Amino acid sequence: MAEVLVYVDHVDGAVRKPTLELLTLARRIGDPVAVHLGPNAEEAAKVLAEHGAVKVLAADAPEFAEYLVAPKVDALQAAYDAVSPAAVLLPSSAEGKEIGARLAVRIGSGIITDAVDLESGDEGPVATQSVFAASYTTKSRVSKGTPVITVKPNSAAPEAAPAAGTVEQLAVTVADSSKGTKVVSRTPRESTGRPELTEAAIVVSGGRGVNGAENFPVIEALADSLGAAVGASRAAVDAGWYPHTNQVGQTGKSVSPQLYIAAGISGAIQHRAGMQTSKTIVAINKDAEAPIFDLVDYGVVGDLFDVVPALTDEVKTRKG
Amino acid sequence: MSLRIVVCVKYVPDATGDRHFAEDLTVDRDDVDGLLSELDEYAVEQALQIKEAADDAEITVLTVGPEDANDALRKALSMGADKAVHVEDDDLHGTDALGTSLVLAKAIEKTGYDLVVCGMASTDGTMGVLPALLAERLNVPQVTQLSEVSVADGKVTGRRDGDTASEQLEAALPAVVSVTDQSGEARYPSFKGIMAAKKKPVESLDLDDLGIDADEVGLEGAWTKVEDAAERPARTAGTIVKDEGEGGKQLAEFLAGQKFI
Ligand SMILES: Cc1cc2nc3c(=O)[nH]c(=O)nc-3n(C[C@H](O)[C@H](O)[C@H](O)COP(=O)(O)OP(=O)(O)OC[C@H]3O[C@@H](n4cnc5c(N)ncnc54)[C@H](O)[C@@H]3O)c2cc1C
Ligand SMILES: Cc1cc2nc3c(=O)[nH]c(=O)nc-3n(C[C@H](O)[C@H](O)[C@H](O)COP(=O)(O)OP(=O)(O)OC[C@H]3O[C@@H](n4cnc5c(N)ncnc54)[C@H](O)[C@@H]3O)c2cc1C
């Protein structure tokens, strides 16, 4: 069977969930070959093998951390040359898209971004995209070259499929022209202990209705009772009530959890663009006319400061 | 020497309108008003600030799009850009990301540049790949997704706030930059700016001027093919209750029924 390159997103060898989803989708179109750039490939390989990677191509070079994006493109291109894959899959992060785009130019291929599903077709893999703030579903394919496709988190449930996952070293030469953008310093984000926003099964978001940073603990308490991630609208972020990394929407994170709870959020098109593919949508808003109610499976018209704490208590009681 | 800044601006259908696909599965531009992609206003704003901080700089705004895309250029000119380049050609209809990057790269090279400034993503295609594609094609550094940017001494520096870390970046010019909506509110055009924009030069270029073959762009030349576009069925109306003291409990009941608790 044809091989499919899967770009591994990891933090020091801890593979992130979207990569396991990519491996699951890759198996529909061929044999997944994972490309691990950076440290701790051996550790990552165990998880990658459990999820179907027949091989892990590994390379570590200081340039991956010292310069932005381009050295990783050199490495992925080396993997491409070594394997001649049927497709290249990457996660739809800002970096994943940029790496994919530059590789596409180098290998003369088309690129599809933000796929939410992938299936094999007569003329190559067919990608499903959810576009125009999820008001349309499109099906597309790459018609020139080897398909380069980036896939959104939560697009597939990771499946176990044990494979060899043999680690092979990949020889990479980083071109001088790839050392153009220096990473002068890097400040890692502090972990909140809550699930990663894009990967979470449940997301609880607060908007302008939360009315102040000092009130966000009301949202956090509900999130914690449900084991959920916390999101925020841009209005809440711009007001400085919550970090930008938690923004959901067109210019924030795009989420597609099993359950999305919006409290004090009106449902502007740019917010909807980031959450409309959620499986179940719930809103709490005191304005019965708020556009968010057009999307909901369940809505409560009411003051969030009454409804949210009551819900939190009820969740805690039921969970014992 | 003058700092030559090229800002790439896209003309897009208004996101608050009812957006549709045309029969050939390209964006239907007849049904909805078009405008300058809101995220490109941030790019124009940062270019203006870079110009204001420089001794001598000139801003050219560049678009690839149909005749109406001139509106996007006028908006950018009225914000304060100096001149505009409009690449317009019937053969461009249906061009995808790879094709657009080819056309933009040729137009940028023809115009001459030290710095290219883009938005983080368009508000229609929302791919967020054009800046990286341009850096690759122009063979210059990409300094992308910046929430803060400045240019001095032939170098561009900026902050990129990523998923797991915030990075401080630096590159020598020439370079391609993209800025996020965290970079700072875009200014409104003043009346004076709007009047002045009417007199600013807009250069029109076609594929011949750029030495690009028609079969490298458009629907036929595209590297990708849209096979189907279906309007998502409207969500079936959900249950809406009014909180009369029991709203939290009722919601918990619903969530339990769906097995979330
Ligand atoms: C280019 C661009 C990109 C954008 N990107 C994003 C993005 O990524 N994400 C995003 O979210 N927005 C984005 N926006 C902004 C978007 O247009 C809206 O302005 C924003 O989503 C509004 O946030 P909100 O719903 O919290 O605030 P509002 O629209 O002000 O709504 C607040 C809601 O809270 C309700 N409320 C108030 N008090 C209470 C209470 N006590 N109890 C219950 N309900 C209450 C009100 O009835 C109201 O419906 C973008 C805009 C542009 C132009
Ligand atoms: C819903 C939808 C989905 C699409 N999906 C794909 C796909 O998967 N693959 C594909 O190859 N094409 C796709 N396209 C086509 C693609 O959007 C266009 O070819 C496009 O111009 C480049 O991508 P973008 O608009 O997403 O730009 P982005 O990469 O999101 O734009 C980033 C920045 O590049 C600059 N820029 C982008 N386009 C122009 C322009 N025409 N003129 C001047 N500056 C510009 C702007 O500064 C902009 O802020 C899609 C289009 C639509 C409407």
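Don't overthink the numbers, they just go from 1 along the chain as shown.
Note: Cβ is positioned from N, Cα and C throughout, glycine not excepted.
Long-range Cβ contacts of A:Gln250 (FAD binding site) within its own chain (separation 6+, distance under 8 Å): A:Ala133, A:Gln270, A:His271, A:Ala273, A:Gly274. Residues or ranges marked as FAD binding site in TrEMBL: A:Arg208, A:233-234, A:247-251, A:264-271, A:Asn285.
Sequence annotations record features per position, and here TrEMBL assigns domain 'Electron transfer flavoprotein alpha/beta-subunit N-terminal' to A:4-187.
Contact with chain B, taken as any Cβ pair under 8 Å, is found for none of the binding-site residues A:Arg208, A:Gln247, A:Ile265, A:His271.
According to DSSP, A:Gln250 (FAD binding site) is assigned to coil rather than to any helix or strand. In sequence order, A:Ser233, A:Pro291 are the residues near A:Ala268 (FAD binding site), counting only same-chain partners six or more apart with C-beta under 8 A. Most other Cβ atoms within 10 A: among the binding-site residues A:Arg208, A:His271, that distinction falls to A:His271.
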